[in-house]
Amino acid sequence: MATAAQGPLSLLWGWLWSERFWLPQNVSWADLEGPADGYGYPRGRHILSVFPLAAGIFFVRLLFERFIAKPCALHIGIEDSGPYQAQPNAILEKVFVSITKYPDKKRLEGLSKQLDWNVRKIQCWFRHRRNQDKPPTLTKFCESMWRFTFYLCIFCYGIRFLWSSPWFWDIRQCWHNYPFQPLSSGLYYYYIMELAFYWSLMFSQFTDIKRKDFLIMFVHHLVTIGLISFSYINNMVRAGALVMCLHDVSDFLLEAAKLANYAKYQRLCDTLFVIFSAVFMVTRLGIYPFCFSVLFYSIFTNRTQEPYCPAFTLACADLLWTLIGPLLPHTVFLARSDPDSEYLTRLASDNHAVIFKVWFI
């Protein structure tokens, strides 16, 4: 039985790592095992170092939120208190948990007669009860401040080493002498830190306050980790670093706008959102498609490598979500009424969609 199962698994593994697909002609994986300058060539075992680093990032986050983010939140007036607690009521609690959190008019009237409460009082009870399940503003502020700090630091670090890289100024250099491109220390740390951060987000999902979009964000982080890992193992790190940097540039602006929103600095929030929207449109719908077109052209003129498929997929996703985002019934991003959905507010910050601000009357 074990031998029978090993056959299909071997075929799948061989297809997944096909040298014909990933590598140029007359190049094998064994060629990348040889010595090289700097950190050598990317290898699959390098990925293993991500896991202890991800655990370390998660631990640093806990310390950061407790000793830095929380005091900052309290200093600007965000209260360390949960939402108003609804009056205990077994009947209403049963309806809330088992039937509906948003009772219609007919059900409200029935509950009013059963409890001898007026309809407005019952509506207030359900509103307060729903608010109990929402994370407090202090918690959201701390989470956003951590992401803001990391995104800003990793972007600055990426720009610092990319600025001195020849392939930052001439994108065609991404495929020069591919795949025999040794890793530099800056590129190695940039990739490993990005990958470790997304693994830490995977870990933190199970300890953070559970949101309705838990499964969506889980899949999102998994896909992101897969793209970064595959591009690293196949030594597409030059193109991958450019893609990550372009997508990082708007992330810290989004988190800054959320921080201003939680702190009720509405004018600052509006200003940051306008800047974020402009940067997003320029980088993801302007510079990024241009960079990809240059990469695609250099591939076929030099005939050095197969097309960078993840880049093409990402470009299509950015364009698609930007066009259809406002048409989706649930794409209410950074709204004054409810900016809490992790998936909606991170769609833009993690390679998927532009955020549209909605004003409720």
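Every residue, even glycine, has its Cβ placed from backbone N, Cα and C.
Curation does not apply to TrEMBL; its annotations are automatic.
Since we're looking at a predicted model, the values are computed, not measured.
According to TrEMBL, the DNA-binding region annotation covers 94-137. Marked as domain 'Homeobox' by TrEMBL: 92-136. TrEMBL lists 139-361 with the feature domain 'TLC'. Residues annotated as transmembrane segment in TrEMBL: 46-64, 148-168, 188-207, 214-233, 272-300.
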Practice item. With DSSP as the reference, give the number of residues of the DNA-binding region (94-137) in helix, strand and coil. Key: 31 helix, 0 strand, 13 coil
**Study point:** Residue numbers, six or more beyond the limits of the transmembrane segment (148-168), whose CB comes under 8 Å of its CB atoms
**Key:** 64, 174, 176, 184, 186-187, 189-190, 193-194, 197, 238, 241-242, 244-245, 248-249, 251-252, 255-256, 259, 349
Point to revise | Confidence summary for the DNA-binding region (94-137), mean pLDDT rounded | key: 82
